[in-house]
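For reference, the structure is listed below as structure tokens.
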Amino acid sequence: MPATWLATRLRRAKSDLRHGFSPTRLREHGSKLWLGVAKATLALTIFLALSCIDSFALLSPDPTTLSSGFLVIVGAYPGGSTGKCFQAITLGGFGLALGVLVYTILGFLAHAPTAQGFVFAAWVYLAALVRFGGPKYISFYLYGVLFSFNGIYRTITTGEFRRELLLADFIAYAWGIAIALGVNVLVFPTTAEEQLRGLLVTSLQHVATLAHLTCKTFARELDAEESEVRQVLAKSLRSDYLALDAQLDEMKYELAVSKYSLRHFREMIGAVQALQQALITSSSATDLIDSLDPNGISSRRLLSRAETARTFADFRHGIDLVIAEIIDVLVGPVAVEKSLEAGTHDPEKQATERTDEDGAAQAPAPFASDADEQEGNGRLGAALHTTPTPVATQEKMVTVAAKLKREVQQAEQRHRRIREDFVRERSESRRRGGSSPSTSRPATPSLRPVVSPRTSTSETARGRATTRESDDTVVPGEDADGQVPAVATTKPELAGPAHEDVVQIFRKAWDAFARSQQDALVSLIKDGSLQVDDVLLIEAGMPSIKEMYADRLPKAWTSSLVAQTQLARLRSRAESVSAPSVASESPSEETACSEALTRSYSLLFGLGQLTEGLYLLHDLATREQPKKLRLYLAHTLADKVHRFFRPKDTLNLQQALATLHGQPYTEPRKPFVHYIVRAERWAWSQRSTYAAKVAMAATVYAVFALAPVLQEQVFLKIGQVSALITVIVAVAPTLGGTLSTWLFQISGTGAGALLGFITLEVFKDTGGYRYNPYGLTAIGAIWFAWSSYKFLLHPAKYTQSLLYVVGYGGIVVQEYMHNDLPGVESQYDSPPLRFGYTIASLAISMGISAVFQLFFFRQPARHRLRLQLADTMFRLSAYNSLLQAFVNLVAPADEAPTPKPEALAKVHRELVKREIRIQADILALAPTFQFAKIEPKFQAPFKADSLLRIMRSQQIILDRLREARTAVGLHGFNATIHHDFANVLFPYRLHSQRLSRTLFYLSATSLMCKTQLARDVPSSKPTWSSFEHDALVLSRRLSNLPRGEEELKRPGFLRYWFYLVSLGSVSNELEEMEKYLGDLFGDPDESNPYIS
């Protein structure tokens, strides 16, 4: 068995090596990766070469400390962007400063080893708390802890605190920082701001691709290959979401010349993330429509008119026009603007120039070119897509992207002619009429959905005076005050004609498509094409037992079988005729088509959000601003200070809810025991237990240095001082994390030290040196290039790459210093013995970490994953309850007073904060899931598929709840929707809310307690089916009233349907959770198995 496993691993490594260095793969990595490898290699090689120069080495009071500079250089990211390097050096500098302080304290405590141990343990605990915050704090952690431990080591070797040795250790770290910073800034610097622009372009290309594929799915033009690409892209879209945030975080630390401030970049990232969320909504809507109507009847009905099909095509092409315009602004000038200014066009030539200059800005670029960025972000969106994309699928992505590019270029030629005619027409009209640009040019697109600047006050039938924004009274493509276009709000000289034309074409296309879709839907509702009986089921009894369990009955069971029994035939014909029939035996094709058509409102809403997001992003990107020298770090600190002194909310959440319910609120008095309980709960949190384990492991390691017997026989003899990094890195928050770290440490330290040992033996006694420095540096450069390549290509292997460098540099520099450097020459271990001591130190450190990971506060990744899933489910449940309370407040069914705006705003802000927190929790499931997969499976198999389905369900539930909150808005629905829909159907809302709360609670407690969910959980499908049925009935009745059609075409009606569909999807996902939990925990009729 071991031989088979080893042979398999070797074959896989050989295949990966061949694939990784194939010419195609090398080209795919791009110049950015190779530039980063070259810079990191240069920094490490310079440091190694300088360390071998006598005059440089003797600048330090103790030249042997220079070996620690390799760790400093790797931790400073010399091959990254200037922002990433500045971030690492800034945070590492704080850690180093604190490490110097702790070093000094430990030095003054040289006479009290026990006190040294306590101080060092406390410092490691605090540093580990910071390290738990994320990967960006790794330099703070390593610099601070490793430097401070030298305070113990120096007092052991010298017996006292000596300032010159503190200076020697600090000089080694300072040289490492200086060399890393110098290479990063002086050698072909790349800014994080530039990389952020590139990520924005990549994200927009992904948005364009998914938007095209979503539209083609709705139009039934998608082939199998494109369908596969759409599914993969929809699942991995959130990797762009997190990559943008991470890149912005790096940019905060750099100094750059740019026309965009930090606030502008935040707004653009927010707009891109809104686009991604809108596409997730649209993609989910098309999936739901496809599942309900696989034959595409609903799509054919909605796109049957020639005008509708044309406007749909124009809308699709308009997406590319606007995105291309934004990309052109981000990456540089474009050929289209020059052509428009010249007034002449060559469509074929212009398409070619545009492709060459922009990197195919008009269409999504091949996905392979973004491979290094996807790897660089560690596929952080793995909560929805945890497995690497297969090579075959990547090739399909490239093929589909090229196909879409050709389609867009062909459409671009047609639209370019339209744009030329439009520009020529407008220029002629201006010359003839002499009109000013402010009255003749199109309006700048609004940054919000098409709304009226006015507010309308209406008295509803329930006697409640409400003041609402009149965004629900505007038909798409029409201003609230009639058919008069809005007055432009942007100065004409601030926007070029190309920008105006592109936005206007897109705006016209969207307005025409939205209007045609609403006309088609209203027509289908009015003429009876949607197969619904004109009977409100809310006035009937509860659904029958047969309907409640329709999805659980055997397929062979039908009412016809019941009718064939003798007892059934005893009923009179009159009884059977008079018996109410609430639903048909099985949903017909027309019924399924009707449900699919109602889901089209969700697609329309999602595409509307996409349109508004593009308006906003285009306005932000094309806004004319002068280029300035911007110190982003100063802006970040200023914002933090401003937020600190900003007035706090006068209402907390409980007080806001009490105010909205008209109840008095008294702040409860918290006893002292309450704070003790909170402190205890925090002490047992994952962050605190992780830091405590690291501190205890580091303390045991310190015992080897402080205990007299272990100090002489082990610590000093084998040079164990360099193995502290193994202890503090190997102790991970989960057991799975430690297992993977062990593999990286063994391979990193072992391979680095082995190569160093071999290199020393090869260049021993050559060229007049005991160990030839030229050979050591040459081999070191090759090795550093390999380790840098591994790290930049796979950032998750940071520990392995770091130990590659430290293992080689440590043994080589130490041997050279003790054998060739004048004034330092002394008796030192031979390379084979030094290599053996290094492996022994590694084994001891791994043993220490193993003891604390396996026997102290053991935290298996499986156990942690289940607790995280349960915690996320409880958070979703709390969010759902708060959202229901908010909806009942903004859309009540009784004569309630108008809610206070500040209290409503507080609840709304709280909902948004919880969305962000839950989204972060869901994305944090991905690394835990990966660690859980590699843990040993002694007790029960790891059911990865079931857990992954639960994770995806939680993400879908959050998306649907967020969409419901967006649909309701801050002011609820307009007066017509409140009076004619929300009030009438209010009992449905109460019943569905009760069922959803129950399902949330059952799912969360099942995950928390590792128990099976009851087989027959309450089903809300009949309730939602009746809910939507009655809403359709009311819609048809409204369409027959005067101005009824106009009411059905207004955004308020669209938002109401979107709200219904979103919450209905939440209930469906909760019921699907029953099946997933059954797969995970087993059948409730059997014994209770568990997965961890």
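These residue numbers are counts, starting from 1, taken along the chain as shown.
Heads up, the Cβ atoms here are built off N, Cα and C, so glycines get one too.
What TrEMBL annotates here:
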- 33-59: transmembrane segment (TRANSMEM)
- 88-110: transmembrane segment (TRANSMEM)
- 117-134: transmembrane segment (TRANSMEM)
- 125-278: domain 'Putative ER transporter 6TM N-terminal' (DOMAIN)
- 140-156: transmembrane segment (TRANSMEM)
- 165-188: transmembrane segment (TRANSMEM)
- 341-394: region 'Disordered' (REGION)
- 341-354: compositional bias 'Basic and acidic residues' (COMPBIAS)
- 360-369: compositional bias 'Low complexity' (COMPBIAS)
- 409-483: region 'Disordered' (REGION)
- 409-431: compositional bias 'Basic and acidic residues' (COMPBIAS)
- 434-449: compositional bias 'Low complexity' (COMPBIAS)
- 690-707: transmembrane segment (TRANSMEM)
- 714-736: transmembrane segment (TRANSMEM)
- 742-762: transmembrane segment (TRANSMEM)
- 774-792: transmembrane segment (TRANSMEM)
- 835-857: transmembrane segment (TRANSMEM)
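Among the stretches 33-59, 88-110, 117-134, 714-736, the one making the largest number of Cβ pairs under 8 Å with the transmembrane segment (140-156) is 88-110. Only residues 6 or more beyond the boundaries of the transmembrane segment (714-736), in the same chain, are considered here, and those with a CB under 8 A from a CB of the stretch are 71, 124, 128, 132, 141-142, 145-146, 149-150, 153, 156-157, 686, 690, 693-694, 697-698, 701, 704-705, 742, 745, 749, 799, 803, 806, 810, 829, 834, 837-838, 840-842, 844-846, 848-849, 852-854, 858-862, 864, 928, 930-935.
When Cβ distances are compared across the two stretches, the transmembrane segment (774-792) makes no contact with the transmembrane segment (117-134), since fewer than 3 pairs at least 6 residues apart fall below 8 angstroms. When averaged over the domain 'Putative ER transporter 6TM N-terminal' (125-278), pLDDT in the model lands at 86. The stretch from 33-59, 165-188, 835-857 with the most CB pairs below 8 A to the transmembrane segment (88-110) is 165-188. Count of Cβ pairs under 8 Å against the transmembrane segment (690-707): among 33-59, 165-188, 835-857, the largest is for 835-857. Non-local neighbours of the transmembrane segment (835-857) in the same chain are 689, 692-693, 696-697, 700-701, 704, 714, 717-720, 722-724, 726-727, 730-732, 735, 738, 742, 745-746, 749-750, 753-754, 756-757, 807, 810-811, 829; each lies 6+ residues outside the stretch with a CB under 8 Å from one of its CB atoms.
Residues 35, 38-39, 42-43, 46-47, 50, 59-62, 65-73, 76-80, 82, 85, 89, 92-93, 96, 100, 103-104, 107, 143, 147, 150-151, 154, 158 of the same chain, all 6+ positions outside the transmembrane segment (165-188), place their C-beta atoms under 8 angstroms from a C-beta of that stretch.
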